[in-house]
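First comes the structure, then the notes that go with it.
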């Protein structure tokens, strides 16, 4: 069955095109710095938002009814989603997709039935993968939707829940490996607390670390060589989540000797909820060699929740790709569109248009960022700004030679201290120049 039969295959037509079903800036085969643009960006489709979302919210019923959800049997719907998904991947010519275990196959009455459902759908996906150019960027387990996870999964107060979550991740790891996934993601939506009055934070954090170490060991056991990723988010659905932001996760991984196994999967809207620019989260991850992958979306700064909008802000995408390029590009990671159409955008074509808009925005951002990096615009300014640490007393501070007594003696010899302007306005002007002239 053709679900998108009324929508033409999406091709690159250039910035002058008015065709809503064409790329304006994303030319997948355009060679930049020796490789195609598609290999720089490594776009992925999020299975959950794209094929499972219904448009429901806490105040209203579903507004989105997809043609692949027409069956009364949940497994029939799951099989239809697979067919629709691979048609969609081909329509946009995307290289990757991402999934939760419960996105692709429904939860059963017990773990055995859930695993049976998963095996059946995985077998079907494997058949499609044989002839598809699209691969799996990452897989994960949904450890937040079912009521059993009301108090968390790895951080649950109930050891039975911990055990069930471990079994679910075990299976999800096996499935991700079976499908050729390049990464495996942990997102702790229920790993946190609502109140400290009933919480043993120390035990919960220790148990979370134990859980992750078990995952690392099992991955070695089955020969899964994909990259483990943790996705920070400060809140929602839980009041306080332990993977609050990049710095929190980095500190946690360091404390529990997990940093050698994990990198970060950073989402735009999660950075917003943590009170950070996306640029900040990426910069922190990059300078600590923790930048693994990106969940590409954006939020509404006037709202206090995760809106998961398609990323259309070119300044945001430019600064994001600047950090990715400075990090040496993606290794096993990529740009996963963890984005959903608005509740009022319920037509099938809106799904396609949303992804085109996001892919164009990141393609444009990459091209601008590449030129900024190549020209050394910000690097030159930063080198000049911090040059006092390359000679004299500054060099001694950096080398570790300086101590308080030496620095006091030096400070006493100073007549006066002169600072120079940070030139923020100039740098923002230059950024705009590159954005508008590219």
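Every residue, even glycine, has its Cβ placed from backbone N, Cα and C.
Pulled from Swiss-Prot, these are the features on record:
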BINDING   306, 308  Mg(2+) binding site
Which residues does residue 306 (Mg(2+) binding site) neighbour through Cβ under 8 Å, counting only same-chain ones at least six apart?
233, 236, 269, 270, 273, 299
Which residues does residue 308 (Mg(2+) binding site) neighbour through Cβ under 8 Å, counting only same-chain ones at least six apart?
49, 269, 297, 299, 338, 339, 340
Indicate whether residue 306 (Mg(2+) binding site) is helix, strand or coil by DSSP.
coil
